[in-house]
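Student: From TrEMBL, for reference:
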| type | residues | note |
| --- | --- | --- |
| BINDING | GLU100, HIS103, GLU226, ARG231 | chlorophyll a 1 binding site |
| BINDING | ARG105 | chlorophyll a 2 binding site |
Amino acid sequence: MASTSAALVNGLGSTFLTGGNKSRALLSAPVTARVGGAVAPKRFVVVAAAPKKSWIPAVKGGGNFIDPEWLDGSLPGDYGFDPLGLGKDPAFLKWYREAELIHGRWAMAAVVGIFVGQAWSGIPWFEAGAAPGAVAPFSFGSLLGTQLFLMGWVESKRWADFFNPESQSLEWATPWSRTAENFANATGEQGYPGGKFFDPLGLAGTLKDGVYIPDTEKLERLKLAEIKHARVAMLAMLIFYFEAGQGKTPLGALGL
């Protein structure tokens, strides 16, 4: 446990999260050094910033509980909700956003799977693991072994790519694909790889002469829609857990 915690802390303090060596050296240098030794004249530029959105719009003030200073509204779906101050550290804020995004995507897939699985087999989702043959032609052992292998492989690659971006878009790391570019990050944003493999329908970009070109406007709109749906799905899963504790299912609660 101690080694795992140390690895996490070391990873969150990597140059990926804190900035490259050149960037840190540049930012730590005196202002005169940054402009070639000459004293740059002072220039004042007035920029009209958009007002930050609040998770309690009707309440003004409240300090960091209502409007935390470490949330500037730049993240998709940022409404200033961080009453526990989990995102004060920028490194941990990146990690928590990654965790929220991944958990939300799994929750969206799970909600659909719960409804479809029960409608198809008639077996409640919390009992499907005891009888996997009713949902798919697999035994429990083969299903568990396959899931552990595939999930472990994919999650280990995601973990490595989080701390070292683009490290997994290599030929040896993509054995079933002859082109490592299929797994490269086409948008340049963590958690949103895009490209021909991850965006085959071109929802957030277009293909031109075989090259994927991201559309920034579409991508930003889809990022906001995704995180909103992800949060609703996570809340839905929480409700499903409470229902399962009473022996009920989502379809049963809907009278279906």
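Here the Cβ of each residue, glycine as well, is placed from N, Cα and C on the backbone.
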Student: Can you list the residues of the same chain, besides GLU100, HIS103, GLU226, ARG231, whose Cβ falls within 8 Å of the chlorophyll a 1 site's Cβ centroid?
Tutor: GLY77, LEU101, ILE102, GLY104, ARG105, ALA107, ILE227, ALA230, ALA233, MET234
Student: Same-chain residues six or more away whose CB lies under 8 A from the CB of ARG231 (chlorophyll a 1 binding site)?
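Tutor: Set apart from ARG231 (chlorophyll a 1 binding site) by at least 6 residues yet with Cβ under 8 Å, we have GLY77, GLU100, GLY104.
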Student: Given that the record lists GLU100, HIS103, GLU226, ARG231 as binding chlorophyll a 1, what is the largest C-alpha to C-alpha distance among them, in Å?
Tutor: 12
Student: Whole-number Å distance between the CA of ARG105 (chlorophyll a 2 binding site) and the CA of GLU226 (chlorophyll a 1 binding site)?
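Tutor: Counting only the Cα atoms, the answer is 8 Å.
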Student: Other than its own, how many Cβ atoms are within 10 Å of the Cβ belonging to GLU226 (chlorophyll a 1 binding site)?
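Tutor: For GLU226 (chlorophyll a 1 binding site), the 10 Å Cβ neighbour count is 18.
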